[in-house]
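Novice: Annotated region 'Disordered' per TrEMBL: 1-38, in sequence order. Annotation source TrEMBL lists compositional bias 'Low complexity' at 20-29. Annotated transmembrane segment per TrEMBL: 67-86, 92-112, 133-155, 185-203, 230-251, 263-280, 300-322, in sequence order.
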Amino acid sequence: MADNKKNDDFVPLAPMPDGSNSSNNNNNNIGDGDKEGDSLVGRGAGTDALPATSTGFMAKIEHSAPFSILAYCMSSISMTVVNKYVVSGTSWNLTFFYLAIQSIVCIAAITACKKVGLIQSLAPLETDRIKKWYPISLVLVGMIYTSTKALQFLSVPVYTIFKNLTIIAIAYGEVLWFGGAVSPLALTSFGLMVLSSVVAAWADVKSAVSGDYSATTGDEDALATLNAGYFWMAMNVFCSAAYVLGMRKVIHKMNFKDWDTMYYNNLLTIPVLLISSLVAEDWSSDNFAKNFPEESRNRIFVGIIYSGLAAIFISYCTAWCIRVTSSTTYSMVGALNKLPIAVSGLIFFAAPVTTGSVSAIFLGFVSGIVYTWSKVKDAEAKKNSLPTTENSRESK
């Protein structure tokens, strides 16, 4: 399920769509946007991950910056590719069911890690906390559902490019509600993000009109497929921004650590997703046979289970990368990682390779780097201004 994001979005609170850590979401954080994104921004833990205690050869790996970066990139890319594979069937219509299974797998993994001591503590389930956090979980359901639907109808490169627009929505949400500010460099990156999205949409529409577009859902009307994808993407940008901004407002009151956030998010969304699936989706044997064809059934189930476990993988790799490098390096890696994620869609799902699509990927890639650099500069400026601020207070 998705990102600090990053990406990634189906990821159970892995990197958030704006690249900031869920438990410490403030203007000083440095982000790459998705996500991933997160591959797919969503519901994982961040720097509160598993400790490194091995010795010998494993200790060298655990303290290796290149290995940590490679592990993070591979987990992020695989998460996006697996999610796309699961929902790209021509008859796929069990999205709520899929997301519920992801959450169940993630909760099972967290519980197992807690029992064997890999996770030291989890916030107990308390009625007051549940009441305060439940609205955030409902918004999260909207975020991961719209993210899944957008990925179902859009190619991986286009999805990755449009996901950048979430950064803009979050940034201006912070300006409106938290007194944030947008630097000229960040504004430049926003312009590049919008331009890359326009170019990506233009390239998709042009391919559809010319008949070159291979609709991932098997729909003969490629334009209708694209329009559905753009609708769900727009809804996802709104829901993702609402989730990040809402969580920022609530999380400090809850005194949650990253694993607590991940635990509450997944646990509270399970009943909502299951009930939504029972009410809105067809549970007949015929429909299950269409969604899980016999020839690919085992691969799809493995993908669903992996997507739930990937939340843990990305959480660990996020913490590992930050621990052995720095938050700045991690943020830049996240920005650079958008390129291989987009390229993976061209390789694994036969997305159209045109001048427009390649240009859009490049612009999106550059915009992510510019945005990350703007956050680095902002953080440096705030750090340098702190002594002056303290001195002025003392003089008063």
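First residue shown is number 1, and so on along the chain.
Glycine too: its Cβ is placed from the backbone N, Cα and C atoms.
Note that the coordinates shown come from a computational prediction; the quantities given were computed from them, not determined experimentally.
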Novice: Would you call the transmembrane segment (67-86) and the transmembrane segment (263-280) in contact, using three or more Cβ pairs under 8 Å, pairs 6 or more apart in sequence?
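Specialist: Taking Cβ pairs at least 6 residues apart, the transmembrane segment (263-280) and the transmembrane segment (67-86) are not in contact, as fewer than 3 fall under 8 Å.
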Novice: Is the transmembrane segment (230-251) close to the transmembrane segment (133-155), in the sense of at least 3 CB pairs under 8 angstroms with a sequence gap of 6 or more?
Specialist: yes
Novice: Residues sitting near the transmembrane segment (185-203): Cβ under 8 Å, six or more positions beyond its termini, same chain?
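Specialist: Contacts of the transmembrane segment (185-203) (Cβ under 8 Å, skipping residues fewer than 6 from its ends): 157-158, 161-162, 164-165, 167-168, 171, 230, 352, 354-357, 359-364, 366-368, 370-371, 373-375, 377-378.
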